[in-house]
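What follows is one structure encoded as structure tokens, with my remarks underneath.
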Number of protein chains: 2
Amino acid sequence: MATNDVVSVSHSMLLKATDLKDDRIDVISICLFVFLLCACIVLGHLLEENRWMNESITALLLGLFTGSIVLISSKGQGSHILEFDEELFFIYLLPPIIFNAGFQVKKKEFFRNFITIMFFGVIGVFISFGIISTGSWYFFSKFGLKNLPIRDILAIGVIFSATDSVCTLQVLNQDETPLLYSLVFGEGVVNDATSVVLFRAVQTYNFDNFTSLEGLQIGGSFLYLFFSSCILGIASGLISAYIIKTMYFGRHSTDREIAIMTLMAYLSYVFAELFYLSGILSVFFCGIVMSHYTWHNVTENSRITSKHSFATMSFIAETFIFLYVGMDALDFEKWKMMQSSFTESAGLFGSLLFLVLLGRAAFVFPLSALSNYSTKSPDAKINLRQMVIIWWAGLMRGAVSIALAFNQFTQGGDAKDSNQATLMVITIIIVLFSTIVFGTATKPLISWLLPPHFRSNYSDSASLSPKASLDADFHIPLLMDTEREELEANDRSTINQILNGLPRPQSIGMLLTAPRSTIHHVWRKFDDSYMRPTFGGRGYVRLVSRRDMDIQEDEILEDHS
Amino acid sequence: MATNDVVSVSHSMLLKATDLKDDRIDVISICLFVFLLCACIVLGHLLEENRWMNESITALLLGLFTGSIVLISSKGQGSHILEFDEELFFIYLLPPIIFNAGFQVKKKEFFRNFITIMFFGVIGVFISFGIISTGSWYFFSKFGLKNLPIRDILAIGVIFSATDSVCTLQVLNQDETPLLYSLVFGEGVVNDATSVVLFRAVQTYNFDNFTSLEGLQIGGSFLYLFFSSCILGIASGLISAYIIKTMYFGRHSTDREIAIMTLMAYLSYVFAELFYLSGILSVFFCGIVMSHYTWHNVTENSRITSKHSFATMSFIAETFIFLYVGMDALDFEKWKMMQSSFTESAGLFGSLLFLVLLGRAAFVFPLSALSNYSTKSPDAKINLRQMVIIWWAGLMRGAVSIALAFNQFTQGGDAKDSNQATLMVITIIIVLFSTIVFGTATKPLISWLLPPHFRSNYSDSASLSPKASLDADFHIPLLMDTEREELEANDRSTINQILNGLPRPQSIGMLLTAPRSTIHHVWRKFDDSYMRPTFGGRGYVRLVSRRDMDIQEDEILEDHS
């Protein structure tokens with residue numbers, strides 16, 4: 001019957017699973033991923049108390065499991081829904097994660113350890129890159145990969161220098177081990193940024209005439225790139241703060257405020273990418289600036305909403321990435337193209353893993369020692385256990401490695417030749433191994449290395465993961481922990497200044513003996529005198545609603561003036 | 001110098017604007033749209049007090065303006081960044097809007113007028129479709145479009161039956177004119193759903209053997225489709241409520257709760273699309289169910305965050321759509337393919353516009369009269385002024401029409417022949433005209449038709465737009481307005497029942513004389529006895545935080561038991 005066409009067409013299309021058009025594939029893959037995301041969240045919640053699993057590993061395993069099912073049901077042919085899309089990763093999945101990292105970071109700790117974090121994140125990548133590239137060049141020809149182009153070898157160096165410290169961060173507690181957490185956290189973000197920039201350089205660089213002078217010029221262009229990206233991010237944050245402070249959206253609409261915050265953050269990322277800068281650094285610093293100024297300019301509902309929305313978007317993106325990596329691991333096309341024997345593959349795997357461990361150790365321990373040497377304060381010294389944890393945190397390889405490998409070794413999803421297929425597969429195996437095996441061992445290892453008496457008696461939320469402690473409802477939702485501490489600290493110092501009438505001495509002597517606190521002091525004065533009056537921030541909130549917290553903040557405003 | 005490659009490559013690629021690869025186009029277009037969205041929000045805020053403009057029109061004009069700039073700067077060649085992507089619209093932009101509509105709708109009003117809304121939304125589309133198709137078949141041959149396939153004529157009928165009542169809703173106040181608002185609002189959603197379903201039927205139907213028996217079968221399959229979509233949406237909502245109630249996420253993480261709500265809502269949409277059902281209806285009813293059960297099962301932070309996130313996502317999507325439509329209007333390819341003369345085009349435009357007005361009037365007035373005839377209660381009667389407003393609200397054509405037209409008349413962005421190019425261009429012109437001209441006239445018209453003494457003295461928020469009144473901070477953020485009313489009403493009736501010990505008489509007589517209130521009463525009992533204990537909902541909130549509102553809700557729980 002012709003009238004059954006509407007229904008029969010749908011039925012016939014459902015049955016012809018192998019005869020799908022592109023738009024159907026899109027709907028099917030979206031369905032599948034959204035369903036798997038829900039399953040991940042439920043499973044992750046159920047396994048919360050488990051001492052081995054965390055959500056990243058759960059997502060990865062679930063992805064692997066689903067990938068195998070798809071593979072089996074399509075009789076070994078795989079399917080295009082499993083293809084890893086680097087654009088999706090870099091343009092849509094990574095920005096929310098990095099932005100939320102900048103938004104939630106404890107700024108005081110981060111800037112206190114800024115130099116160390118930069119050393120780990122930038123110089124560390126270069127050291128690791130050097131070691132892995134050299135080692136690969138040495139080992140690969142022994143295991144069957146002959147005549148690899150220099151660009152591929154260098155790409156491998158970058159790919160395996162890009163760490164994924166999510167697993168470790170999920171175990172560490174920000175309040176108990178603030179120094180350690182901030183180093184691992186900060187290094188993770190800077191490492192991502194450096195790896196991406198270095199990767200682009202490796203891809204575009206002309207290797208014919210390399211001289212030491214050009215080595216310096218490379219260094220110079222990196223500095224320029226980093227500096228511009230940070231400026232761009234900071235500018236985006238300040239513009240958003242200024243817009244919201246001036247336009248006074250709160251009077252009309254929470255939605256507009258949140259929309260502006262989200263859009264301007266994303267704009268900082270894509271704008272940086274447009275000009276070939278580092279979107280990761282840009283959006284990270286945008287997050288820092290927004291949490292310092294913009295967040296305080298919005299209504300209370302907006303504050304709660306934005307804080308939790310950013311965290312939720314980051315959480316969904318992270319879970320999605322691991323699912324994606326897991327499902328893509330079983331895309332058979334690449335596996336079939338490999339021509340290496342099992343022994344050769346095992347040899348490649350083993351040697352690369354060794355290089356990863358070595359490359360990381362080669363900078364973590366020396367740079368930590370260097371940092372300890374230059375620090376007077378005992379709180380900021382990194383002891384050996386912490387060094388081991390920092391080393392361990394950077395052993396896991398994740399989505400950034402996968403994305404970069406896809407970019408280098410495949411074109412439109414298919415490897416160009418058997419060598420590249422081998423490299424792609426080895427990358428996937430190392431990512432899976434490091435995340436699952438090393439990741440699972442992380443919780444027990446850290447419990448062993450950092451028994452409770454080693455941690456500071458900082459908070460009563462020891463049993464909660466860092467993520468949860470940010471969200472638990474018994475925290476005052478209006479202020480984040482850092483803000484509350486800073487608030488109290490700031491009030492004390494400001495009130496002291498006002499009462500005593502004595503400015504703190506500023507001299508070169510002060511700068512040399514206590515550089516960090518002097519810089520902090522100078523920054524505070526600059527911030528209070530010029531930045532906050534222009535861009536808003538804590539203590540400059542307009543009375544929008546009559547809830548108690550706003551009244552309290554207005555009282556603080558009166559104290560300042 | 002080779003080392004400048006990193007920087008010089010980026011510079012040269014910036015300059016070669018005409019030599020862009022696909023991924024650069026993506027980054028550029030994302031940058032452009034995000035920037036324009038920010039500009040829209042700022043402009044929209046500045047023009048809030050303007051009596052002519054609203055945000056949809058602002059976005060549309062801004063899109064047109066930017067489109068012209070791009071066109072001029074690329075010397076009349078246009079650019080692929082302006083291409084309207086139906087998949088983007090239907091899969092990513094429309095669901096948040098419809099879901100938020102279901103989430104925010106005043107359920108009591110909606111279900112009180114359910115039959116009328118369904119009549120307007122479903123039967124109205126068919127009547128309008130019939131009139132416009134017949135009229136087009138008559139007029140088109142007179143204005144130069146000869147030998148159009150029957151499928152194209154019917155498609156035009158559907159395309160111009162799909163209304164966009166956003167402009168009117170932005171002007172009407174939900175509290176002052178509840179009946180009117182709920183009719184326009186509800187009809188808008190059902191109209192979208194019906195148009196999409198009818199459009200698919202028109203595209204796939206085999207017209208060779210059309211008999212009256214098959215007419216009935218078409219009707220049957222529509223009913224099946226509507227019914228299944230609603231069931232699917234309701235099921236998704238209930239599952240999410242059950243998961244959150246049982247899993248007790250709140251103890252750990254606000255992020256997981258919000259993630260589950262968002263993902264399950266989206267899953268209801270794509271799942272429906274996967275099975276060729278109506279994703280619009282599915283996600284709409286999912287939103288209704290979630291606001292009734294799931295929303296109450298989450299922590300207070302989650303409630304605030306979810307409510308505002310959904311509204312913000314909907315707001316961004318809506319603005320984006322109008323921007324998109326505006327920018328795409330000036331895609332020259334289609335304009336160049338037209339072979340109609342100016343008089344012919346003017347004739348087509350005029351005749352279609354006339355048919356739109358006629359088609360709408362042909363069902364609004366008769367169906368309103370029919371509704372009035374069958375209603376005893378004076379509150380639910382639609383007077384003539386309201387009929388005119390309902391008629392007017394459905395005159396504007398928007399993104400759904402554009403999307404359907406693109407789907408029918410273009411392939412990969414290019415029209416197939418000159419007739420189709422003409423139809424595409426005419427559609428765009430009618431959408432622009434109706435939105436800008438009719439939309440601008442909406443505010444003055446409604447002020448004239450509904451002077452203040454015609455509106456009920458319902459709330460003190462008369463000066464705020466409906467959107468803003470939902471967000472304004474002086475409302476208790478915990479409960480939406482409807483919930484607060486229902487809470488009070490429910491307490492009264494339940495307490496009365498308990499005190500009096502007398503159940504309300506249920507008889508056929510009651511059902512006939514006061515059908516709406518009887519159905520409502522039966523629903524209440526069912527909801528309280530079976531649904532809420534299983535799926536959660538108001539009054540069944542666990543004490544997660546010690547804030548006052550939760551304590552108050554626990555006291556209500558004790559009253560019920």
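Heads up, the Cβ atoms here are built off N, Cα and C, so glycines get one too.
Caution: TrEMBL annotation is automatic and unverified by curators.
The domain 'Cation/H+ exchanger transmembrane' annotation in TrEMBL covers B:44-448.
The feature transmembrane segment is assigned by TrEMBL to B:27-47 (among others).
Taken from TrEMBL, the feature transmembrane segment covers B:59-76 (among others).
The transmembrane segment annotation in TrEMBL covers B:88-105 (among others).
Under the heading transmembrane segment, TrEMBL lists B:117-141 (among others).
Residues annotated as transmembrane segment in TrEMBL: B:179-202 (among others).
Taking Cβ pairs closer than 8 Å, the transmembrane segment (B:222-244) reaches residues 122, 193, 197, 201, 257, 260-261, 264-265, 267-268, 271-272, 275-290, 292-294, 297-298, 534-537 in its own chain, all 6 or more past its ends. Sequence annotations record features per position, and here TrEMBL assigns transmembrane segment to B:222-244 (among others).
Long-range neighbours of the transmembrane segment (B:265-290) within the same chain, counting only residues 6 or more positions beyond its ends whose Cβ lies under 8 Å from a Cβ of the stretch, are 90-91, 94-95, 98-105, 107, 110, 189-190, 192-193, 196-197, 200, 225-226, 228-230, 232-238, 240-241, 310. Marked as transmembrane segment by TrEMBL: B:265-290 (among others).
For B:310-327 (among others), the entry in TrEMBL reads transmembrane segment.
Residues 116, 119-120, 123-124, 127-129, 131-132, 135-136, 139-140, 143-145, 156, 160-161, 163, 340, 382, 386-387, 390-391, 394-395, 397, 422, 426, 429-430, 433-434 of the same chain lie 6 or more positions beyond the ends of the transmembrane segment (B:348-369) yet place their CB under 8 Å from a CB of it. According to TrEMBL, the transmembrane segment annotation covers B:348-369 (among others).
Taken from TrEMBL, the feature transmembrane segment covers B:389-409 (among others).
TrEMBL lists B:421-441 (among others) with the feature transmembrane segment. Counting only same-chain residues 6+ beyond the ends of the transmembrane segment (B:421-441), those with a CB under 8 A from a CB of the stretch are 52-54, 56-57, 60-61, 64, 144-145, 152, 156, 159-160, 164, 167, 322, 325-326, 328-329, 334-335, 337-340, 345, 348-349, 352-353, 356, 392, 395-398, 401-402, 405-406, 409-410, 415.
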